Amino acid sequence: MSKEPIIKLDNIDVTFHQKKREINAVKDVTIHINQGDIYGIVGYSGAGKSTLVRVINLLQEPSAGKITIDNQVIYDNKVTLTSTQLREQRREIGMIFQHFNLMSQLTAEQNVAFALKHSGLSKEAKAAKVAKLLELVGLSDRAQNYPSQLSGGQKQRVAIARALANDPKILISDESTSALDPKTTKQILALLQDLNKKLGLTIVLITHEMQIVKDIANRVAVMQNGKLIEEGSVLDIFSHPRESLTQDFIKIATGIDEAMLKIEQQEVVKNLPVGSKLVQLKYAGHSTDEPLLNQIYKEFEVTANILYGNIEILDGIPVGEMVVILSGDEEKLRQACQAITDSQVQLTLLKEGGKA
């Protein structure tokens, strides 16, 4: 994957003026997105994430900052392109939304063809391109269907085909799966991931769900109240989240919070005996946790009772999380915990035996 940024947003501010007050929707945000990235921007409603991505193609003009797209500066405290140049630049960037915005009176192929209206292609070339795009998104057999005859997932596939009609280098997905059921969401995310690989497409995902980022992104930014509060590779953010909001997003995405509620109700945890510790283990890159637990038993005679375990594959790397009860002699238990930490596994003490 190329390390050359295709999108550079530097010190972006967006301020709205409403009556006698100012709303600072985006505050001094800098984000660089590399060619070929699937880059997630996560935040709750009102975080400023949708406003931020709309500055990428100047659908929203910032109040200050610099925007560079594919090595071309398009904004430097003012728009640097003519209206014609800006139209050409916007052809390089496709967008899909939560609402599909299809024209109900047009068939699937006609909706896609509409995006080629000013392409200069012949009628035959347009038809061939539309057919290719519908095949790309898995809808060749639905070309003659109207939107009312399509499911939500199929409508979004038409919207994706339309967004790709002018061969953009960048695709912005603004909450594009929010209106879809979980199964269809996974299918659309798999399609986006496939397009990223086949076309070398750079994808910017706007979402309030860390689960979506976890499934397909390689980098993520977290926004809160217009500010960028955390940014990095998905692996780093999931392994070592710094900010409390990021930690909350990750707990929801991994299901650990729900698991902990059940674990805390177990009798063995409520009445944890002296000589036992309830610990949470997190690791990245280890193919399995079993050798480590076997090792501490062999070396320190410390047993491990696994109460919860989960492994995710993030950007091709396994990331694991476990909740276990470690039991043994006090000194051996201390040594075992140190050995676990020394093996690059993050250990968090949740409860100590004999204590409330």
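Don't overthink the numbers, they just go from 1 along the chain as shown.
Including glycine, each Cβ sits where the backbone N, Cα and C put it.
The domain 'ABC transporter' annotation in Swiss-Prot covers 7-250 and rests on sequence analysis. Taking the domain 'ABC transporter' (7-250) as a whole, pLDDT averages 93 in the prediction.
In the three-state DSSP classification, Gly48 (ATP binding site) falls within coil. For Gly43, Tyr44, Ser45, Gly46, Ala47, Gly48, Lys49, Ser50, the entry in Swiss-Prot reads ATP binding site.
All protein chains shown were included, and the count of other CB atoms within 10 Å of the CB of Gly43 (ATP binding site) stands at 24. For the recorded ATP site, residues Gly43, Tyr44, Ser45, Gly46, Ala47, Gly48, Lys49, Ser50 set the reference point as the centre of their Cβ atoms, and the other residues of that chain within 8 Å of it by Cβ are His208, Met223, Gln224.
The Cβ neighbour count for Tyr44 (ATP binding site), using a 10 Å radius over every protein chain in view, is 13.
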